[in-house]
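J.: Questions regarding the structure given below will be posed in turn.
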């Protein structure tokens, strides 16, 4: 690997972590689309900042852009508070307006400057190593690395200092207020961090990838864990993994780095969505099948308990009596037999002692619907896994 | 009236978009009562609690807790919101939610230590949920979630407890468990204020009651004021209850 390659991967990874942290809270607050809005509407802030400083490298640009980001959030909330439109509509109204103002300003006044719409949307990681910081003659590395590195350090400090406040006000803002914390301060703090991160990151990776890096890793992590700290950790991991693997994919395909990273983020989410152990597509499918079988089994056992007549319990007529297809009756029959719940003699099915006991418990549960009973049943029998 | 006034509300008016939800409420809640706030849907019961706690800003009026502004008495007040007010899919455990009750005394930035954890575990035990401490909160039943909220309030070790419909959607066992804890709190000299829906249980559970329907209709001991007259004034229809007192 060349130095430039290492630097690009390092920048992409730092951006990924810096985005995943606020992204996790945005996802939990059901505000994912706000990141999209911020990433677009900071454009006029950048342009205004450039007019005032006449310097594309001025740190004031980041400040102006971040202020526009927070302004976007305020505008969305103000429109939403009128109760005339919902939040998603308010977002859809605000950011295209601000973004288009930025586009017009660039076209009118800044055509000769390196500040074009393509760069804003897509960024170009490949060029990041060329824009370097020097101290005297000493090369201190790419500028993006310093920018995003400082933002990441700031984000981490804030996260460690205010983790408990962030968690509480995200979960229960009412409690936070009543305990004397100000959820509004925390809300705008988070929005400011999201804005600053977006501004710092999009110079290197572009607005679209910023959104992808904020939302996709957090959304994937959300499907895998029930612990907030682990969720943040996993989101960071997914972000970094996609950043590095995306970089190499772009290298092999000779494609856009930002595009490849976003593609990897999408793939990671798809994999997690399909294979997550408890919330994933296949896990849910399996569980539903399992539950269907369990309910069928109970139905079948109840039928046996309710009927002493031999004709109701004959193996070959069971499907007619319970009105099931032959295959299903067979599966359930063998399931019950395997678990020693029934015995078959002369093709007539009877409940065993274990079957009797299980059925009585099931009836009791159905009648009372009490949690403790189902807990007992889970322990005593093979049923109700998961 | 018994001893001190725990909560005093003066001329409180709250409006959403210029539509008054609470109109000129004057209310004095004596210390040590177990009080129900009753009234029809939209009467402003939850709003009253939220306004007292500063979660909603009133357009007029004032609230004092033990004679002082609420902000200087925060630590003496615990709040149990409606169960539906939070996202139970949030990635956290029962114990962690209860720990949040200790955040108020910790203040900004300071992290909970083993001391806070210990009191959270004790509160979980009190509500009979200790064995569920590591359970993800979405995997608890409605009644269990309500108990977790109650434990979170208990851990604050407050003098005044506000509860917004703690009996909503819980089974009979949980209801009994919760009311027993509330009665214990009263026995310990705490003041408990509950938004309540089930009029049948008011005389059995509470010793103090406030009738509310945008305006305050009546407030006082259940024995004296829980009658057909006040019920009719509050609910608007000719209310003939056959409630045994």
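Cβ coordinates come from backbone N, Cα and C, glycine included.
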J.: According to TrEMBL, which listed range is transmembrane segment: A:144-163, A:284-303?
T.: A:144-163
J.: Match it up for me: which of A:231-250, A:311-330 does TrEMBL list as transmembrane segment?
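T.: Spelled out, TrEMBL records transmembrane segment over residues A:231-250, not the other listed ranges.
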J.: Which is it, of A:89-110, A:111-132, that TrEMBL names as transmembrane segment?
T.: A:89-110
J.: May I ask you to check whether the transmembrane segment (A:60-77) and the transmembrane segment (A:6-28) make contact, with contact taken as at least three Cβ pairs under 8 Å and only pairs 6 or more apart in sequence counted?
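T.: The answer is no, given that the two segments have fewer than 3 Cβ pairs within the 8 Å cut-off.
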J.: Looking at A:6-28, A:37-54, A:175-198, A:231-250, A:256-276, which one has the highest count of Cβ pairs under 8 angstroms to the transmembrane segment (A:204-224)?
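T.: Top-ranked stretch among A:6-28, A:37-54, A:175-198, A:231-250, A:256-276: A:6-28.
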J.: Restricting to the same chain and to residues at least six past its boundaries, which positions have a Cβ under 8 Å from a Cβ of the transmembrane segment (A:256-276)?
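T.: For the transmembrane segment (A:256-276), the far contacts come to 8, 12, 122-126, 205-206, 208-209, 212-213, 216-217, 219-220, 223-224, 238-239, 241-243, 245-247, 249-250, 282-283.
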J.: What same-chain residues lie close to the transmembrane segment (A:144-163): Cβ under 8 Å, and 6 or more beyond its ends?
T.: 7, 10-11, 14-15, 17-18, 21-22, 62, 128, 131, 133, 186, 189, 193, 196-197, 200-201, 203-204, 232
J.: Going along the chain, which residues at least six beyond the ends of the transmembrane segment (A:231-250) come within the CB cut-off of under 8 Å?
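T.: Distant contacts of the transmembrane segment (A:231-250): 5, 8-9, 12-13, 15-17, 19-21, 23-24, 125, 159, 213, 216-218, 220-222, 224-225, 256-257, 259-265, 268, 272.
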